[in-house]
């Protein structure tokens, strides 16, 4: 298998459909057109033609589109054949094309990979293609499209350019010490570095929201049996997703619901009631509950308001609070306010949000929805946002750390070489986002998650 091979793949989903598309990219795309169509279509014009087998019989008829390189998606010669979407028809046409030497089925994401390697897209834009396809909400789709159009890349490239200018001054001072280039006399370098740090912080904030749009927030509902966890899951989901009874321990396994709150994806997880297990099945369910809690972005600590007047979670169940991972955000949810007569709404206790509601009637659930949205800093009015992946957040975080260390060198003992190295490492971290500095292993992991025809 060679990267210089001509590749072919179905660009439409498998199965029956009104239209099926085969995409071909590479040096042999011209030969495919001449062999299957009998001619080379006019560039960038739709041509209605028969698709012929080796013996001249017609396999199908449809639209052919010819995009000669470098003016194509991949930067190579590209041919698209749009025929009927029957699996048998597409399979016959694919087999016909593969009889031509040096053609092979494309690897997942190989079309996008070639576009990246041929400088048609940077890495963040290429990833945005997969994110646009996988978008689970309107806002996620719009943000993915912004990334595809270069919104995220432009912000990163601006930071890289600013760091380039800073590095020029710093390294000039190191290489030409006799020229008396003074960094500290007028404070310009410190001011420029502070500007870069501030810009990076703004990008990080937007990237965190973009990651939330893409990944979603994992919220685990936990508490003792019969506290109303499954009722709350149903109230948030807006449907009967979980069985609700008065029998303690009804929920034995983990239940998952994917919902959206004003465009924000949430993964709501209902767990088995936490207590001493009465049998092996319940024990396994409780173990799984703790596994989910340890991986959560937030825990909703469900409390049956009819069993205690306490509101501090450390007082209600100190053993549970002690076992939670450090820094895991907790929201205390006092349920059954319709029975206790408590005032609905949100307050704070010992640094934790406290919400009083009735999962059975739905009263107060909207307060919880707003709290979940606000707790992640989600802004539904954000314009021009972009999607971000975990690797982007890691790269931005590492760049921020290097800039802070570089600032310490500038304001401290003035170790010029160390400052220059911190700036270089920060620039390298940022360049990993767009692919200017990227390992082959990372490229393989990214593009292997794409669709075959992308």
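The backbone N, Cα and C atoms fix where each Cβ goes, and this holds for glycine too.
So that you can see what the record holds, here are the features copied from Swiss-Prot:
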- 23, 80, 120, 454: (6S)-5-formyl-5,6,7,8-tetrahydrofolate binding site (BINDING)
- 216-377: domain 'TrmE-type G' (DOMAIN)
- 226, 245, 247, 250: K(+) binding site (BINDING)
- 226-231, 245-251, 270-273, 335-338, 358-360: GTP binding site (BINDING)
- 230, 251: Mg(2+) binding site (BINDING)
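Sequence features, as recorded in Swiss-Prot, placed on the structure.
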{"residue": "80", "record": "(6S)-5-formyl-5,6,7,8-tetrahydrofolate binding site", "Cβ contacts under 8 Å, 6 or more apart": "11, 21, 22, 23, 24, 64, 65, 67"}
{"residue": "120", "record": "(6S)-5-formyl-5,6,7,8-tetrahydrofolate binding site", "Cβ contacts under 8 Å, 6 or more apart": "73, 74, 75"}
{"residue": "336", "record": "GTP binding site", "Cβ contacts under 8 Å, 6 or more apart": "228, 304, 305, 306, 358, 359, 360"}
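Candidate binding-site residues: 226, 358. Fewest other C-beta atoms within 10 angstroms, 226.
In the three-state DSSP scheme, residue 80 ((6S)-5-formyl-5,6,7,8-tetrahydrofolate binding site) is classed as strand. The Cβ of 23 has fewer other Cβ atoms within 10 Å than any other of the binding-site residues 23, 229. According to DSSP, residue 336 (GTP binding site) is assigned to coil rather than to any helix or strand. Neighbours of residue 230 (Mg(2+) binding site), defined as other CB atoms within 10 A of its CB across all chains, total 24.
Under the DSSP three-state reduction, residue 23 ((6S)-5-formyl-5,6,7,8-tetrahydrofolate binding site) is assigned to strand. Following the DSSP three-state reduction, the secondary structure of residue 226 (K(+) binding site) is coil. Mapped onto three states, the DSSP output places residue 120 ((6S)-5-formyl-5,6,7,8-tetrahydrofolate binding site) in coil. In the three-state DSSP classification, residue 358 (GTP binding site) falls within coil.
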